[in-house]
């Protein structure tokens, strides 16, 4: 093997080694940081794990928002119209959060089945429903008729 | 009448684009000079008719022509005139028109600015660009025309532009970002033309370099503007969310960054040729993929307008055609490419190869993190999301590693550099960088935060290794000033862009670790203290805007007990859509921002208020601006023009 070939071989080996380390790290990081989505019905059935971060979504139940009078803690129920889950959150809710709106909360399930949320997402538009929520509602057979205007977006 | 004129000129532009994609290409193959000569006038024609279409759409917005569906959905009589203009690209249809218009601008620029390129090359390049234009025009005309009408009845009032988009950021962010996205099509077209003609040499790299630099600069600026907009408009104070839509713009940026470095090697040394071509193809394919992700409705975010599956299918088809076609061409032609020189393992070429590998690997990681949830969903394996920790865990180490190599590359030489020479050159900058990093980190916070110390050390490393290189260059000159004026513009462009990286790294490290925020429940008279600042809430009053009503808070800020300034955060209610929006109050500064956002009204007249202290956050965008300036400066280097003149003289 001449010097130049040897050099090329080293280069290729370094690249292959680097790439496999990268792939390994990626796979590891990915497996650590995936958040699965569960509907209120699935949480009710006990299908959702208790000790990892999950996402849950549904429609905010009318009249269910309860605020702590001295802090920013707030509790509300989300539903797929079959079952409901209580979400607890401390902080500022997004602009588009309101009763009857579809939202997604990210957090951990407490032992009593409440979701302690670290993040509440209500994005985009007043007629918008997060796709996960729409699917959860459809699964529960409770898809409400979409308002006419929503089709434009 | 005017909207029909818009449709009509779009169709005319399509016809011209179709001719442009066939005639000069055939001419270049058959050696028919007359046919190739058609390329330039056709490019001008496409630009002319698309400009008319843009003006027609703008006119429909300015005159509140709500018989046009797109205008009725995205505008309102109460909307200020400048937002009516920017509403042109506030929705799916119009932003596609903007996309294709910018494509026409780039085509025109190539047609006008490359007088000195060989005729067959310019014919092929413009032809490929014409094909891209034609494909997008077909997409617009068949699935998403902005000129469609409500007939026979139409609304008297428009639905208003999404309040999130009623902002200066929307006026500038999409056009800049598209200039970058679409500009990559120039590099792509040059690559395809080179593959078709089989003339893949250093001259090709020299032609496509300035174009790629400019496109990259726009892309950098566009991403920076998007981050700045998200920072002050979304009300969270975040500047990067690893949102799939942001990733869609970051991926082409990473590959384009690799491309401008690899083009440098190809131009100077005649190696990496087929790799460079592959990067040029990938960069544009990724920007198409970004368009697909954002426009097809597979993702949901502020950017995703369309959820019409037909549109998604069309873009997907185009994507498969472009990626498949160009990779096939690459597979057939790239094998015959020969390197013009060799290099040793320890050389500037190898270091730039490392840069390329790290950039493409990080792009692949972003791609996996972005597409994985979509694939899982498509295979019905559950709905998942990949969180920011994934991206941070991978991106930060890779980029840190890359900066270490960036410093080494600064003093390295082409072809071969003795490792002992590198050590001799760099031990001093390395020691100084580590010392300076530790000292500044400790001086700032009183503790040694690992990530901050690392970030500062890396930033110093970039700066000091370049100073070392500068002294090497100056040693051969009579005076230091002589060295300053003798360096080329592209050298200073590179310096500026790398300095931008250093500034960006400082910003990222500082703001990520030392950000402080409080979410508080505040009543009139309440006060809150942190970081030498006292915030006193004076209450809220109603304010009437042109198309919204607002609750405007008043917060007095004291600095070390002395009155500093009064800040007015707002909660706006946009009446047409009944949508509420947070308007942040900012006190910007080079070393820190004060950031106040109002949440919702609570019982008893109290408000939820978010107060943030963001150190060095401006450095993020300052870094992006420096990189942009660097990209443009090096594209304006004399040697590209000189090369052109020489080529003209030879012809």
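Each Cβ is built from the backbone N, Cα and C atoms, and glycine gets one as well.
Quantities reported herein were computed from a predicted structural model and do not represent experimental measurements.
From the options B:178-198, B:535-555, the stretch TrEMBL describes as transmembrane segment is B:178-198. Note on TrEMBL: of B:313-332, B:333-352, the range annotated with the feature transmembrane segment is B:313-332.
Per TrEMBL, the stretch carrying the note transmembrane segment among B:148-164, B:233-249, B:250-266, B:556-572 is B:250-266. Outside the transmembrane segment (B:275-293) by six or more residues, the chain places 99, 181-182, 184-185, 187-188, 190-192, 194-195, 200, 205, 208, 212, 244-245, 248-249, 251-252, 255-256, 258-259, 262-263, 265-266, 299, 312, 315-316, 318-319, 322-323, 326-327, 330, 334, 337, 356, 360, 363, 367, 370 with a CB less than 8 A from a CB of the stretch. If you look at the transmembrane segment (B:42-61), the same-chain residues 6 or more away from its ends with a CB under 8 A from one of its CBs are 2-3, 5-7, 9-10, 12-13, 16-17, 19-20, 23-24, 68, 70-71, 75, 84-85, 87-88, 94, 97-98, 100-101, 104-105, 107-108, 110-111, 126, 129-130, 133, 146-147. Sequence-distant contacts of the transmembrane segment (B:81-109), counting only residues of its own chain at least 6 positions beyond either end whose CB sits under 8 Å from a CB of the stretch, comprise 10, 13, 43-44, 46-47, 50-51, 53-54, 57-58, 61-62, 70-71, 73-75, 126, 129-130, 132-133, 136-137, 139-140, 144-146, 161-162, 165-166, 170-171, 174-175, 178-179, 181-183, 185-186, 291, 295, 305-306, 311. Per-residue pLDDT, averaged over the domain 'Cytochrome c assembly protein' (B:89-296), rounds to 89.
Proximity of distant same-chain residues to the transmembrane segment (B:426-444), defined by a Cβ-Cβ separation under 8 Å and at least 6 residues beyond the stretch ends, is recorded for 407-408, 411, 452-454, 456-461, 463-465, 467-468, 510, 514.
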